[in-house]
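Worksheet: one structure, shown below.
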Amino acid sequence: MRQILYLALGMFLISSNIFAAEWIKINNTNFNSYLQVTRQGISADKNNQFVLEKKITLSNSVIKNKYTQYYKGVAVFASRLSSTEDANERWWGVYLSGIEHDLPDVVPVITSQEAINLAKKAKAIKDSTELEQVQLYVMLDKENKKAKLVYLTSFMVHKTYPERPYFIIDAYSGKIVDQWNGLATRDAQGPGGNEKTGAYYYGRDFSPLLVSSACEMKTDNVETYNLNGKTSGEVLFKFTCPENTYKAINGAYSPLNDAHYFGNIVFEMYKNWYNINPLTTKLKLRVHYGQNYENAFWDGQQMTFGDGGRSLYPLTSLDVVAHEVSHGVTEQNSNLIYQYQAGGINEAFSDMAGEVAEYYMQHQKGKENDWMVGAYIIKGANAAMRYFDHPSKDGQSIEHARDYNDSLDVHFTSGVYNKAFYSLATKSNWGIKKAFEVFLVANQVYWTADATYDSAACGVVKAADDLNYEVNDVISSFNLVGVNGNCMTPDPDPTPDPKEVELKNGQIVSPLTVSPNQERRFLIHVPSVRTYPYTYKYLMIHLFNDVGNTKELSELFVRYDYEGVSQKIFLSNMENKNELFYLPLPPAGYYHILIKGKKTGVLSLQAYYGN
């Protein structure tokens, strides 16, 4: 039985707008105090419920609960609350408040079938469709900021290029609110590999293929199907025991063997390292899709792989298989939409999973990660499809949030999160297995369907805190790519302000003693410049000592204020044994500095701006 919480939402956070729906953020303290009031007998609002959807036990035995908001029995799109089962019962997330002012009832005017028909009409679909899905939601309209009743529809259509169109349709008027293509692209013996990897043999170079006693390509976790050049009508693949040599195509020696073997590797990776089944069902892999199809995709139920063409070998490499399976992981957890920044995060998570799967399979042989996506399937001079260390090397991906715009393809906006992941995984005391864990827990617990770079980064930071990992490392990795994940950081400029020491430009404060949890606060003013480019070249705030261990002794936070309005919180963002904050072309204004002690020690501080 699902656990349900009935919440008096209208009474919570009295500062919220009582005349329209709006998002309310929940942090560790405010929701706890609210629940205590509710339990003391304040009348509950039966219209709003939070239903326990999933209970997750982390690797350190911390138990997280994930709830979905329902208004009068209809799920609220992108609402998410999570709690920690401990003495403090910590809560985090967002919920939609004031829905009743915009939606007195949730009775749709058009039916679910009419919504599907409207979506098909909008796409001028004449071909047959499959995997039709439709669900009623309450959603906050981004344009007029009002709650509305909508259908979220999707279906598969196999044309020259397969598509999985998604539509958000107003359940009263039938108007299309939004739309996007949600197709997420991407014991026996036998050969595997392709002309680029070289041939290898399962049962000799790698462990044997796991199949049924009748040599059907199925295990408890994976089933592999042969489409044989078609787009439907798949057949569970079966061969004559004990060896499968079917079939060589487009420079690959047996894509069926590769897909089946790697599918089992991906399942094992999720199960053995993170204690989860990647999907709620078996992994269903369909191979030899269409003719000269240079892609792979997840369609909501299964993974499908083309045989490639002039540019690509068959797409059944380990990282591509893990990539497509992990689109399923995302859909069945955070359900990130496949557009805007959420789409880039969706793609990046799958890219990360592909790299982790490669490490899972190869690390015992002493092999290091190549930090490339699709390196084993791409033909010609290009080394890979995408890169983690410098995403812009592919000529299209971005690697900093400042370069994002809504018109970019999600495969290219993924570069921001790919680079952040690379930065975190290559830090000391981390590694790729540990780094992926915080992204996975964020996907399971904290990310919402419409997540942004910043909000999703906050979820990764929260996950690191849940796992007792070094939060500042996560924040600095995101800061490197222009993403603010500082949802947990203390405020360098609290109200009312404690006493701050104002620094002159270039002034050194030494000795500066710190102790555990002690806070030392300073301030530096960067004046305006009257000539182009109307700012100084840089601002540097340096926390250092002779030993070079300031990161062990303290954490450095910086907050920018302009005309009394808080703009942003930064952390030290340079790879250095000491704490070093560097900001090019700093805007004029006040920069509040917080040094929070971790251990007892002696430091020096210098803040300076100039050209």
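Glycine too: its Cβ is placed from the backbone N, Cα and C atoms.
For reference, TrEMBL has these:
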{"type": "ACT_SITE", "residues": "GLU324", "note": "active site"}
{"type": "ACT_SITE", "residues": "HIS411", "note": "active site, proton donor"}
{"type": "DOMAIN", "residues": "110-180", "note": "domain 'PepSY'"}
{"type": "DOMAIN", "residues": "196-331", "note": "domain 'Peptidase M4'"}
{"type": "DOMAIN", "residues": "334-483", "note": "domain 'Peptidase M4 C-terminal'"}
{"type": "SIGNAL", "residues": "1-20", "note": "signal peptide"}
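Across the domain 'Peptidase M4 C-terminal' (334-483), the model assigns an average pLDDT of 94.
Around the Cβ of the residue listed as 'active site, proton donor', the number of neighbouring Cβ atoms within 10 Å comes to 20. The two recorded residues HIS411 (active site, proton donor) and the residue listed as 'active site' have their Cα atoms spaced 13 Å from each other. Each residue in the domain 'Peptidase M4 C-terminal' (334-483) gets a DSSP state, and the totals come to 86 helix, 5 strand, 59 coil.
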